[in-house]
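Enquirer: Before we start, here is the structure in question, set down as structure tokens.
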Amino acid sequence: MAWQGLTAEFLQVPAVTRAYTAACVLTTAAVQLELLSPFQLYFNPHLVFRKFQVWRLVTNFLFFGPLGFSFFFNMLFVFRYCRMLEEGSFRGRTADFVFMFLFGGVLMTLLGLLGSLFFLGQALTVMLVYVWSRRNPRVRVNFFGLLTFQAPFLPWALMGFSLLLGNSILVDLLGIAVGHIYYFLEDVFPNQPGGKRLLLTPSFLKLLLDAPQEDPNYLPLPEEQPGPLQQ
């Protein structure tokens, strides 16, 4: 019964959050069970473009290291802030949310080439946190019961936490930079004098992922209207 309850709860999670979280967990489980090796997952431009191992463009965003504190820490933030974005500012806009993932992933991959970064999942997590924090600037965040601050400081707190753990902050800085670029192009620049939206979600994504919108000028046939049918 407990397992059925967890399954039912998980199925209530929005589709993109559910799919990305499940992919991360399954990838880590496969590595833990030695079905896969991290060497098969990391981003390597030579192997991608010369050996055509194109799956590395995706799998480097799915592996957060072996099971341990770092993995569960990242999964907590992925699940929480991905879900809050999808249920909040992206509610009913699944295609736009997927496009944000694609935009962030492509930009991180290009910038990651400069820093020789092999796994970019943490950068994507920080990007999600950054976009959420800028769209919810007045929300106060309790950071593990230790600190309380306004939401826009959260990405920087995560970077400081990485520094305390002895990790490189380059990945966090990459996530913050890409998150800011997305936020500026999507939320700031269109509202400036002479500004416009530059990030336009492709139509095929909208057709594939978004529910079709009803035509406000559509008049239903008599048999489609509620109530008794008038002869």
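The backbone N, Cα and C atoms fix where each Cβ goes, and this holds for glycine too.
Taken from TrEMBL, the feature transmembrane segment applies to 20-42, 54-79, 99-132, 139-158, 164-185.
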Enquirer: To the transmembrane segment (20-42), which of 54-79, 99-132, 139-158 is linked by the most Cβ pairs under 8 Å?
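Expert: If we count Cβ pairs closer than 8 Å to the transmembrane segment (20-42), 54-79 scores highest.
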Enquirer: By Cβ distance under 8 Å, which residues at least 6 away from the ends of the transmembrane segment (139-158) in the same chain are close to it?
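Expert: Sequence-distant neighbours of the transmembrane segment (139-158): 77, 126, 129-130, 132-133, 172, 175-176, 179.
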